[in-house]
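Quick notes on the structure that follows.
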Amino acid sequence: MGIDGDEETATQNPKYLKSKLRFNSPFVQVSLIGLVCFCCPGMFSALSGMGGSGQVDHTAANNANTALYATFAVFGVLSGGIYNILGPHLTLAAGCSTYILYAGSFLYYNHHKHQAFAIVAGALLGVGAGLLWAGQGAIMKSYPPAHRKGVYISLFWSIFNMGGVIGGLIPFVTNYNHSEAASVNDGTYIGFMVFMAAGTALSFAILPPSKVIREDGTRCTHIQYSNVSTEAVETVKLFLNWKMLLIVPAAWSSIFFYTYQFNNVNATLFNLRTRGFNNVFYWGAQMLGSVMMGYLMDFSFESRRKRGIVVVCVVALLGTAIWGGGLANQRRYSINDPLPPLDFKDSGRDFAGPFVLYFSYGLLDAMFQSMVYWVIGALADDSEILSSPPNSHTVNYKEESFGVGRVALRCWYVGFYKGVQSAGAAAAWQVDTQKVSYMSQLIVNWSLTTISYPLLLILVLLAVKDNHKDEEGTAKEADPTSAGTVHT
């Protein structure tokens, strides 16, 4: 299939280069990394969205997720240096294999009710997720042509999010006849494990940059992350950067609300099969939200600063409306006063309102995270570091049209964001374990996101410039998937 990287073959056969279905084309390789993430973090998203990872008692899942995000907070920052040593195949395969272990730990828990295995598996998944997203980030920053990054990011995002949609069908189908409250059956966990194993196998089909050739005959450049110590030091330094400090509330809250939405809305209000049904639409709403934000961030106004202001205001208004609806819904039930579980077939009108609310939570999640990544990308583009020549050991990215310093800085900004985000998630799962009231959790989530909006507006007004020579849509360059959004 021409994957040996023969330069002469590439330059003498234009028809060969024009084929997007070449195995060594950026299109096929980005599609493959999309499928890898479809099978692994996509299925993890669907499993988590069930609430309690499919268990009636959320304690084991909460503790496992705390361990997961605690280790991810560290390895999300340091995994770039590990990628330099292992390369794409081993990095991706090692990361993917931890997803299988995590799903398997809950299959074990279904029979033995020992949460130690789940907690250890969660901690290992935090390491593996860091590795997976480091590999994914390197691929998405180096394989697509510079003028088509937005298209390739959209391709990846669509394939990846379909994992949550299809993953939602697994518990829906395998537990269709179980309308009562119960943990998911063994077949559900086995189904997730089969997909995750397929993702691990697919990771070996990802080619190294030297073997991937674009349509114009150029080879993909090799992203070389900083070494582990540099990544850590530069990320820690950002805690002294006033711009990044203004992002902290948004970073902390960006997946803090998953615990409340998954455990205390989906798992509490709906029966088993309906939770899987809801997840199909929750992750589908994320795809819709990302498309909507893509238009606002890229095409709504010529002025980049004006686009930023509009994006923050739109998300703020929509977020206020959705959390307001969540407040009205939450007033109907509590930990000590639960409602009868709703069923998508049998509950009639009672099902409609909570279902629309849960769908809206998914829509808001994608829009909120896209907004934050747009701001991060804009800050990296306008940073004064771009005027200084980058260190040769930091990033080897010679063929791309935008500066190597910007790539390095973006990695550090995203590393900072991932660290704060994961720390917030680890805290959130423990908040639920301590049986904090549902209303208190909702108020904290709403407050954190609300505080974020004026701070992000200040950043846009003071730190985002209107005129930039490389302004071709920072939303396209600031790949929102390179941090694992959150889907771990």
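Each residue, glycine too, has its Cβ placed from N, Cα and C.
Because TrEMBL annotations are produced automatically, they should be read as predictions rather than curated entries.
Copied from TrEMBL, the annotated features are:
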TRANSMEM  27-47  transmembrane segment
TRANSMEM  67-85  transmembrane segment
TRANSMEM  92-109  transmembrane segment
TRANSMEM  115-134  transmembrane segment
TRANSMEM  155-176  transmembrane segment
TRANSMEM  188-207  transmembrane segment
TRANSMEM  244-260  transmembrane segment
TRANSMEM  280-297  transmembrane segment
TRANSMEM  309-328  transmembrane segment
TRANSMEM  355-376  transmembrane segment
TRANSMEM  443-464  transmembrane segment
So if I exclude everything within five residues of the ends of the transmembrane segment (309-328), which remaining residues of that chain have a CB under 8 angstroms from its CBs? That is, six or more out.
265, 293, 296-297, 300-301, 357, 360-361, 363-364, 367-368, 371, 374, 442, 445-446, 449-450, 453, 456-457, 460-461
Count, for each of 115-134, 188-207, 280-297, the Cβ pairs lying under 8 Å from the transmembrane segment (27-47), and report the range with the highest count.
188-207
Count, for each of 115-134, 355-376, 443-464, the Cβ pairs lying under 8 Å from the transmembrane segment (244-260), and report the range with the highest count.
443-464
Please figure out which one of 92-109, 155-176, 280-297, 355-376, 443-464 racks up the most CB pairs under 8 Å against the transmembrane segment (188-207).
92-109
Within the same chain, where does the transmembrane segment (443-464) have neighbours whose Cβ lies under 8 angstroms from its own Cβ atoms, ignoring anything closer than 6 residues to its ends? I mean 6 or more beyond.
243, 246-247, 249-250, 252-253, 256-257, 260, 304-305, 308-309, 312-313, 315-316, 319-320, 323, 326-327, 368, 371-372, 375, 378-379, 382, 431
Short question: which residues 6 or more past the ends of the transmembrane segment (115-134) have a Cβ under 8 Å from it?
36-37, 40-41, 44, 53, 59-61, 63-80, 82-83, 86, 91-92, 94-99, 101-102, 104-106, 108-109, 225, 418, 422, 482-484, 488
For the transmembrane segment (155-176), sequence-distant contacts whose Cβ falls under 8 Å of one of its Cβ atoms, 6 or more beyond its ends:
27, 30-31, 33-35, 37-43, 45-47, 49-50, 54, 140, 182, 184-185, 187-188, 191-192, 195, 272-273, 275-284, 286-287, 290, 480-481, 487
